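Here's the structure we're looking at; comments come further down.
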């Protein structure tokens, strides 16, 4: 990815736009934050990948999303795109948009168990309830992937990535990753950047390993610098994305998965 520096067109939420752009730069990609329908249609067709993130979606922004999705799907070859259905389920606008967009061929759908479960309900499947076992959670993700023909990347204590046939679990990360706004949203953009240069399943797995390992590196072990706060962690996280070698990222995937873990 660093050698080609793919352009990632991000239609994302206003809370995380700056952080997402910096994460992409640190990872070796090039960000473009454009959501006006006229400009989005042009940019999406020439970008290496597209991110559609529903975090602060409005009807005006949704028009740009529709234009961009149509453009990437019409491009030859088609441009891979990532759908991040943030906080769907209870909120009607974004839930309806997620159901609409999910059927338009995203290469990757990234979300937590609740979001993927809500999407499963919209595709005629069974969602995820609070008592679901790890195996049931994995089954929901796999069913969504098969139903929609997309890779599903489900974040959690153990991250799960599946294309409906092959399922990979990533055991890495640090609790501070959940204390900095935008890490999950930025992860979706890194998945897009990698999907520009490899297949969607590999892209989602590699992006997850990269971001989780950067979180571990940023947090450190506390032996020299004491406790790391969220501000220091966020800066170190960007540094780690920039500096962590590929072989260390690959080693993350060799870690054992705790028994009974799904996502």
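Cβ coordinates are placed from backbone N, Cα and C, and glycine is handled just like the others.
Here is what TrEMBL records for this protein:
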BINDING   33, 182  substrate binding site
BINDING   110, 155  ATP binding site
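This view paints the features noted in TrEMBL onto the structure.
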residue: 33; record: substrate binding site; CB count, 10 Å: 17
residue: 110; record: ATP binding site; CB count, 10 Å: 33
residue: 155; record: ATP binding site; CB count, 10 Å: 26
residue: 182; record: substrate binding site; CB count, 10 Å: 21
DSSP three-state assignment for residue 182 (substrate binding site): coil
Whole-number Å value for how far residue 33 (substrate binding site) lies from residue 155 (ATP binding site) (Cα to Cα): 24
Cα distance (Å, whole number) from residue 110 (ATP binding site) to residue 33 (substrate binding site): 19
